[in-house]
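Annotated in Swiss-Prot:
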MOD_RES   416  phosphothreonine
ACT_SITE  418  active site, tele-phosphohistidine intermediate
BINDING   508, 575, 677, 698, 699, 700, 701  substrate binding site
BINDING   677, 701  Mg(2+) binding site
MOD_RES   744  phosphotyrosine
ACT_SITE  748  active site, proton donor
């Protein structure tokens, strides 16, 4: 006789057809990974045979399939009516006596005398969680169910949920035969995360598909709020190779608003067993996980990924009573892990518009169309093909119409919620967690939704033009020098790392300071003495971090380490901050500390600033961050570049200052490069090279200073050309000096990106690397290869 109920510890991946993907996976982890440190709560599962016999013995099979055969799933109203009818039939039917009895016996064994045991009752479909089909969230989950009668009712609710509107539509669209899909109910001991935290993690970056990170989201209370997208969670990125090396490996921390949490309700039966409450303001301003917990979760994720041999989508929970971290689900990631690695598809806006709303970007595409604000699932049928669907949050029930939309925008949700997962699967751009999109965007208004700018997604006014470029990158032609990239935005690092490249020739700190920090370092050093209004602004920025100075250093560490990890083990040359005084003044508190200069471009910047008494303590914070990235995290692919070194005296002083702050040339393989961007640098190249390990040519400033041009002046802008003979003479001098000394020589200015013929000339001069803007890498690479063939 076939069993109707099986203990989870008796199951493994080979049991998908008996208990569905979810329950088979839980059994696999309990059986094989407990010894490796993966904690999974115990429980039992009903079998697919139990489900089939229930439908057969109750006479439901023929009625259900007759109703489905007559249904057009694209008719949203008919779908809702048929789905509701079938679910009602299932709930009204009685379980076979043997199934009822076996559930009672299994629950008694699990409870072991604890009459008040709380369990989760989850669905597990036999076609769910297969490597090439994501049924994420299509069937129901019931949390905090107590008492065996409530468990049996919840199991029946789970069976009925196979006929949710979204599940019916999804099976039709994916070509799954309704008759071949069966359901198993998993009953699992609850992790007490209502007093702890919970969330989702992926063993790759969900947007770019970058494989060397674990991406973790978390919020307070039960994990359903994160999965549903009802809350904007905290986010963390952990670098796998660094973690495997036993070093601190957290690359990024993004503080989410975490406004609500789901906790146990007053009743213990399906539908009333949980409730949502507000989170205290103080808890919102803290990260829901400690660094140690983030690291522990990442380790468990890597163990699971290694066991399954593929990228995984994992749900986790922290028990508020015992403080332990548990894995409550694991399934194969089904979108990015199947994407082609040999064809790069890039979306590029042709024009910029007014930004109306912004949030978290899902995918890397662009969509445009008229806004359709949907406040309730009953309004779903209003969405027409090409509309931009705007809502507070999307429920998986909305899936039947989501595929009609050109883009999706929500007030709430993070990158691992259902809306995000489904949008990725459908290839539709989505911006989630916008906060107020439903108030700002108006029905019928034309907008453009762009997820092609990095972590932040933008909704622009008007339907803007955009291009889609596809390039094959599986076999790039050889060149006699390295093509590197100029990258400033850590949000784009994992994405840009997918392009053919030899590393980063210019990583700018300015973007990190501007976007991720936004506060003048002096204001953080002098926090106690700040005026009240500035202090309040700073306090909002530093939420989640222990102190103002620690915030500055850690944010620099996060930005630099993300860039270094994305391209590891390739070289990443990080340029020390090169803000001018007017740019520093624009940071919070900046006007208190910056001089007013007539021409900041030629003023207090670069090495002069670092060695000055007024800025040296700020510069030392940059040194602390770089030292942590290289020496503690072990990301020794980071090299340092010093900009705007006017004299040999400055060169000597700045190298000495770096060494005094633990960044000594040659120590732990450290190379210190000088940005060759003043005529004095090229004219005295041999002398400057005594202090540095090479040059990176900054062609923008070198051209400006050689030709006596203000590059910000429109009047003389037409004379600005890096190919001017005087500029090329200085370039040739710098290249020859570095080659003679056997030291690094590259170029990171705008010139080669704008003028591929200049890149070809540099190649002929014997330059070691050309660092380009990411959007010109492929075109320039192919142009140079063709020129080489013709030569």
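Here the Cβ of each residue, glycine as well, is placed from N, Cα and C on the backbone.
Where Swiss-Prot records a feature, it is marked here on the structure.
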| residue | record | Cβ within 10 Å |
| --- | --- | --- |
| 416 | phosphothreonine | 28 |
| 418 | active site, tele-phosphohistidine intermediate | 23 |
| 575 | substrate binding site | 24 |
| 677 | substrate binding site | 26 |
| 698 | substrate binding site | 27 |
| 699 | substrate binding site | 26 |
| 700 | substrate binding site | 16 |
| 701 | substrate binding site | 24 |
| 744 | phosphotyrosine | 19 |
| 748 | active site, proton donor | 32 |
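Just so you know, the Cβ of residue 508 (substrate binding site) picks up 23 other Cβ atoms within 10 Å once every protein chain is counted. Comparing C-alpha positions, residue 748 (active site, proton donor) sits nearest to 699 among the recorded positions 416, 575, 677, 699, 701.
Residue 418 (active site, tele-phosphohistidine intermediate) falls within a helix when secondary structure is assigned with DSSP. In the three-state DSSP scheme, residue 744 (phosphotyrosine) falls into the strand class. On a Cα basis, residue 744 (phosphotyrosine) lies 15 Å away from residue 575 (substrate binding site). Across the structure, the residue listed as 'phosphothreonine' and residue 700 (substrate binding site) place their CA atoms 41 angstrom apart.
For residue 418 (active site, tele-phosphohistidine intermediate), the nearest neighbour among the listed recorded positions (677, 698, 744), judged by C-alpha distance, is 698. Among the residues 508, 575, 677, 698, 699, 700, 701 said to bind substrate, no two Cα atoms are farther apart than 15 Å. Apart from 508, 575, 677, 698, 699, 700, 701, the residues listed for substrate, the same chain places the Cβ atoms of 506, 578, 643, 675, 697, 702, 748, 749 within 8 Å of the centroid of those Cβ atoms.
Cα to Cα, residue 699 (substrate binding site) and residue 744 (phosphotyrosine) are separated by 16 Å.
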